[in-house]
Structure formats: structure tokens, C-alpha cells
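Structure record follows, encoded as C-alpha cells.
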């Protein structure tokens with residue numbers, strides 16, 4: 001497959017800049033150890049002063065989506081059960097266990113194996129027969145990062161392309177240009193043996209003059225730019241599109257204007273165009289959007305994985321102030337055998353202060369918070385997974401999706417609360433759910449002040465689980481903790 005293509009010299013410069021952007025992923029993180037000041041050094045060497053950042057980190061759906069793509073570079077084992085709803089319940093339901101069963105072109109099969117795929121993932125087993133069917137079938141699918149979702153729809157696009165026809169035939173919408181580039185990388189890898197198939201980006205910075213004859217068969221872009229290319233610049237003839245993919249639908253509808261742009265594009269597509277929509281979550285708003293944009297679909301859902309607290313022992317420690325919390329943490333840390341730990345703080349200020357304290361006491365610690373770029377976060381998480389640091393201190397940017405088998409302890413240095421001091425039950429669940437995974441037992445400690453006790457009791461009642469008080473000054477009591 002030809003390299004990913006841009007328009008003209010400006011496009012080449014943009015491509016070079018983006019190659020540099022992604023090469024940062026392999027750069028090692030600067031060492032945090034030995035810091036003796038009230039500042040924390042970022043991954044890029046810049047300094048954050050702990051007198052700043054009282055605000056809580058706001059979870060950015062698009063950034064989280066990109067982060068999950070970067071940290072799930074290979075397939076992950078999913079505990080979800082796949083549920084299929086066919087548009088025609090009487091038709092046979094096919095699944096595959098090998099890629100050979102799909103009767104793919106030889107160059108596509110070679111591309112799949114070159115990417116390291118040995119057999120289809122759970123969602124690929126069910127989705128690929130539908131996506132590659134003749135005549136084409138529309139699909140709405142729920143899928144998390146690491147399940148092979150992007151590879152599945154890229155395979156569908158590459159399978160439908162006629163390399164001899166030099167015009168756009170497949171169109172993929174992504175909510176951000178970074179996510180579009182990630183999809184493009186998969187196209188390039190899987191299509192490396194499809195020498196006459198090319199891809200082009202409809203994203204900001206790639207300016208194409210009106211009336212340009214685009215000969216690339218696959219277009220990947222963001223809704224606003226694609227809309228301009230189709231209706232304003234007349235670069236893409238939507239009546240010739242054979243496959244339309246809308247990726248990250250839950251992120252798309254969270255971005256103002258994108259859902260309207262996507263619907264306008266979809267309405268100009270021919271009735272025989274295959275339409276595929278993917279989303280990590282299927283809340284009501286996503287469902288309503290999906291039903292508006294994908295006609296007569298098959299549906300693949302992941303039966304909801306219930307995070308359980310049954311194998312997590314929960315404790316709380318009453319503290320008077322921040323330093324008291326830190327002393328309690330040190331006592332626990334010195335009395336219990338810990339694999340790896342994640343400590344959650346509500347604000348960047350507390351996260352940075354705690355990082356400095358632990359580093360000065362000789363602990364191997366990394367700090368993860370919202371001011372870091374997505375690539376920097378991915379690098380820190382990978383180092384933590386590799387065991388290069390034993391403690392990860394973070395804000396809510398790490399409350400979901402980070403699965404590390406060695407994590408045995410989660411600490412809420414600050415209790416998660418919503419505005420108005422109401423307990424944030426969902427965040428609490430996902431925070432302490434970082435331990436006790438993969439069938440193992442785990443521990444969760446909540447460092448609270450007296451006025452937070454009513455909120456903690458609400459959490460206990462909400463989950464109908466036991467949260468026991470722990471005297472962190474009684475080392476014998478701590479040592480008796482069994483998990």
C-alpha cells in the first residue's frame with residue numbers, strides 16, 4: 001500500500017510534523033526521583049508548581065479514547081459476552097474462528113498476519129461475517145479499545161475497495177484528527193500489500209483546492225472538514241461511497257455540531273452504501289443518534305460487565321488534615337506487602353504535593369494528571385504496567401480503563417465527590433475497581449476527614465458493602481489485614 005497521502009508540499013510538511021508527533025511515544029519519561037523542591041517535573045522536562053491547579057481534572061472523552069488506543073496496541077482478553085441482534089432474526093447467524101474462513105484476498109490475509117493477529121477476537125468473530133457479507137449489511141456495534149474493532153472495519157473498507165477505480169469509495173469519520181490518524185495507521189499496516197490502494201486525510205491543515213480530482217480510494221477525516229470537502233469544495237462525490245464508517249460515536253455526539261455534520265453527510269449517501277457505526281458506550285443519547293444515522297442495522301452489544309466489590313476489602317481512615325493522611329498512608333505502606341498501588345486525588349494540587357512527599361521518602365512514583373498530553377499519559381501508564389514505578393498517583397483521568405494485574409491496593413487520598421459535596425458513586429466504583437481484577441483480591445483505603453464520614457456512609461449504603469474503620473496508628477491492626 002502506498003504511504004498515507006496528503007495534498008501538495010503543505011501536506012508533506014504536515015505529514016512530517018505528525019510523524020514527529022507520534023514518534024514521541026517511544027521517548028523515555030524523565031526521571032522523577034530525587035526531586036527536592038515543591039515542584040514536579042513533567043515527562044517533557046517542564047516544571048509544575050504545586051501552588052497551582054486547585055481545579056479537578058475534567059475527563060475528556062476524546063482524549064480518553066485516544067489514550068485507550070495507545071495503551072491497547074494489542075488485543076486484550078475481554079470478559080464481556082457478545083450479544084447479537086439481527087435485523088432479520090430468521091436468517092442464520094454466522095461466526096468465524098479463523099480469518100481463512102472469511103475467504104479474503106491473499107494480500108489482505110498477509111496484512112492481517114503481519115499485524116500480529118492470529119485469530120479473530122470475540123467481537124471480530126461475530127462482526128466480520130456481517131461486515132463482509134454480500135449484499136452488504138449495516139451494523140451498529142459496541143466495542144472497547146483493544147478488542148480489534150478498528151481492524152475489523154478497516155478490513156471491511158479494504159475488502160470493498162476496487163483498486164482500479166481512482167476515486168473515493170470508503171469514508172470513515174472520527175471525532176478528532178488524532179483518532180483519524182490512529183485509524184490511518186491501521187489502514188497502512190493492514191493494507192501494506194494492497195499496493196494500489198491509497199488513503200487520504202480530510203482533517204484540519206490538509207487544504208485541498210476546490211475542484212481537485214481526488215484519486216485516493218479511502219478518506220478518513222473529521223466531520224467538519226469532510227462536510228466542507230463534500231459540499232463546499234466538491235472534492236468527494238458521496239454518491240460513489242460504498243462503505244461509510246462512523247467511529248467513536250459516543251465521543252462524536254459529545255462534540256458540538258459533529259452529530260449534525262455526520263447526519264448531513266449520511267443523508268447524501270446512496271441507499272446501497274454499507275454503513276457501520278461503533279461506540280464504546282450505548283447510553284440513550286448514543287442509541288438515538290445511531291438509530292437516526294444507520295438504517296436497518298444488525299446490532300452487536302457487549303453485555304454489561306458488572307464491576308464487583310465482592311473481592312475488594314474496603315477500609316477508611318479518619319484523618320485531621322493532608323499530612324495526617326500521608327502519615328497514615330506511610331504506615332499502611334510500611335506494614336503490608338504491596339505489588340503496585342494507584343492513589344487517587346481529587347485535584348492536581350494534592351496529586352503533585354503527594355508525589356513530591358513520596359519521592360522525597362524514596363518511593364518509586366509516577367504522576368498522571370490532565371495537563372499531560374495523551375502521549376505522555378500513555379508512556380507513564382506503560383512504565384507503570386512494566387513495573388518501573390510501583391505507585392501511580394493520579395486524578396480522575398485514570399479512573400477507568402487502566403487494567404494492571406499487579407495492582408493490589410487502591411487509595412482514595414481524596415473521596416470522589418460531585419459538586420455540592422454529593423458522593424460520586426460511579427467514580428468511586430471505577431476507582432477501586434482498578435484492584436481486585438482478573439479474579440484476584442484487592443484492598444481499598446479511603447483517607448477521609450470527619451466531615452466526610454456521612455458521604456462515605458452513603459457510598460457504603462449505595463453499594464451495600466462493608467467499609468471498615470482502620471486505625472492507621474495501630475501497626476498490629478494493619479498487619480492483620482488479610483487479602
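The backbone N, Cα and C atoms fix where each Cβ goes, glycine too.
According to Swiss-Prot, the ATP binding site annotation covers 143, 144, 145, 146, 147, 148, 149, 150. The domain 'Helicase ATP-binding' feature in Swiss-Prot is assigned to 130-300. The domain 'Helicase C-terminal' annotation in Swiss-Prot covers 311-478 and is backed by sequence analysis. Taken from Swiss-Prot, the feature motif 'Nuclear export signal' applies to 61-74, supported by similarity to another entry. Marked as motif 'Q motif' by Swiss-Prot: 97-125. Feature annotation from Swiss-Prot assigns motif 'Nuclear localization signal' to 100-114. According to Swiss-Prot, the feature motif 'DEAD box' maps to 247-250.
Counting every protein chain shown, the number of other Cβ atoms lying within 10 Å of the Cβ of residue 150 (ATP binding site) is 24.
As a whole-number mean, the pLDDT of the domain 'Helicase C-terminal' (311-478) in this prediction is 86. Using a 10 Å Cβ-Cβ cutoff, residue 148 (ATP binding site) registers 25 neighbours. Assigned with DSSP, the residues of the motif 'DEAD box' (247-250) fall into helix, strand and coil as follows: 2 helix, 0 strand, 2 coil. Cβ neighbour count for residue 143 (ATP binding site): 26 (other Cβ atoms within 10 Å of its Cβ, all protein chains included). In this structure, residue 149 (ATP binding site) is part of a helix by DSSP.
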